[in-house]
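Heads up, the thing below is written out as structure tokens.
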Amino acid sequence: MDQFIIEGGARLNGEIPIGGAKNSGLKLMVAALLSPGPLVLSNVPDIADIRTMKRLLTGLGMEVVQVDPHTLSLSGQITSVEAPYDIVSKMRASILVLGPLLARVGEAKVSLPGGCAIGTRPVDLHLKGFEAMGAEIVLENGYINASAPGGLKGARIVLPFASVGATENLLMAATLAKGTTEIVNAAREPEIADLAGCLRAMGARISGEGTGTLVIEGVPALHGAEYAVMPDRIECGTYACAAVITGGDLLLVGGREEDQEAVITALEAAGAEVQLDQRGLRVRARGQLRGIDLMTEPYPGFPTDMQAQFMAMLAVADGASMITETIFENRFMHVPELNRMGANVNIHGRSAIIRGVRGLSGARVMATDLRASFSLILAGLRAEGETVLSRIYHLDRGYEGVDRKLAACGAIIRRVRAEA
Ligand SMILES: CC(=O)N[C@H]1[C@@H](OP(=O)(O)OP(=O)(O)OC[C@H]2O[C@@H](n3ccc(=O)[nH]c3=O)[C@H](O)[C@@H]2O)O[C@H](CO)[C@@H](O)[C@@H]1O
Ligand SMILES: C=C(OP(=O)(O)O)C(=O)O
């Protein structure tokens, strides 16, 4: 298993290219199930989750061709409707094949994802939505068995919570359902607008993305298309924190202001400077950081996927901060690891109080999930001495070329193979 070894203290200066969004690219790949294709996707990040999705789709019968390191061509016939446990348990986004399979071939067998490190993460809203569209769902032996022999029917679905995954699953299914589907209290994340854009390019009839009510008029068939995955707003926000925590200055090439106003507002409130540049976002530290209060919320609120990275940054701010996590019930696993590096963070229910310290010190720490992993890299970049981060397979799920991108801007970081 690989580890990162980081020698802290370097200020980061330079440019970091922002890749395509993991949380969009995965869904756009799944959308390929809705047509014979080919669906040609560019700006696809080269990360482990995308490779896992390739395996899943190939197992369902699709042909996935790697045209170049960041372009995929997806086409083919569906020859299996089963998403097996070993893939779904590795990557929760696998649940999203349920809707497209149901819509295209009228049946699906998808392993229940179960919980994961950050929370229990049930899929009840997905299943209730499909039932409203006429599907029959049976849970058996850890699998969701879903069928809609006569096809899915359009329905009005009111989501009690604006779930990103449920919105995407239902949106994809509705493109081929008979009649009109309305998804009320739909999630408004930019990745959903990206998915709607791709589906529209494939011939779907969708309106309302970004507004909270999606209206989808089912069509008999979709066709192939070419589409570019949007830039990864979370990767961009993560490297913004790297600029600030190291007292540096980074141009995040391809970063978009419109996708992350809440993150930019929080960076500025903490004392950082964010400037729009023709090529992206320029982020730099401006004197000592200030403590701030944050609450994670569905988009356009502050994203839960940026919570751990902000906590590392606020650990060295002047004064106290409070971060309240409202999306996932167990997303503070980085706290004990940050505290091992000298941070002063206490958890009270779903809030964490961060009392700023003068400095952090390098330590051996362990990654527990994707974003928690990066918060420890950020702490390691700032800390005095050496930090050894293990279990970086969590990080490889969602960040491409971390050591390469950071080292190009002056970080001292290397990837090593640890002895078993
Ligand atoms: C691959 C991907 O895009 N992942 C993102 C997606 O995850 P994901 O799509 O899983 O997130 P959801 O918005 O669905 O989940 C948010 C909350 O709703 C709950 N819930 C969800 C569905 C359901 O049927 N029942 C239910 O109770 C979940 O347990 C969680 O507490 O959105 C999250 C919230 O922005 C992000 O943190 C993840 O990075
Ligand atoms: C929680 C995340 O991803 P997933 O939903 O794939 O676990 C994430 O991207 O931070």
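From the backbone N, Cα and C atoms, a Cβ is placed for every residue, glycine too.
Curation plays no part in TrEMBL annotations; they are all automatic predictions.
Keep in mind that this is a model prediction, so the values were computed, not measured.
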Site-mate of R92, R121, P122, V123, D124, L125, I327 for UDP-N-acetyl-alpha-D-glucosamine in TrEMBL, selected among D68, D293, D305: D305
Protein Cβ atoms within 10 Å of C116 (active site, proton donor), excluding its own: 14
Cβ under 6 Å from ligand 2: qualifying binding-site residues of V123, L125, I327: none
Rounded Cα separation (Å) that holds between L125 (UDP-N-acetyl-alpha-D-glucosamine binding site) and K22 (phosphoenolpyruvate binding site): 22
Residues R92, R121, P122, V123, D124, L125, D305, I327 [recorded UDP-N-acetyl-alpha-D-glucosamine binders]: greatest CA to CA distance in Å: 22
Filtered recorded positions, from K22, C116, I327, whose Cβ is under 6 Å from an atom of ligand 1: I327
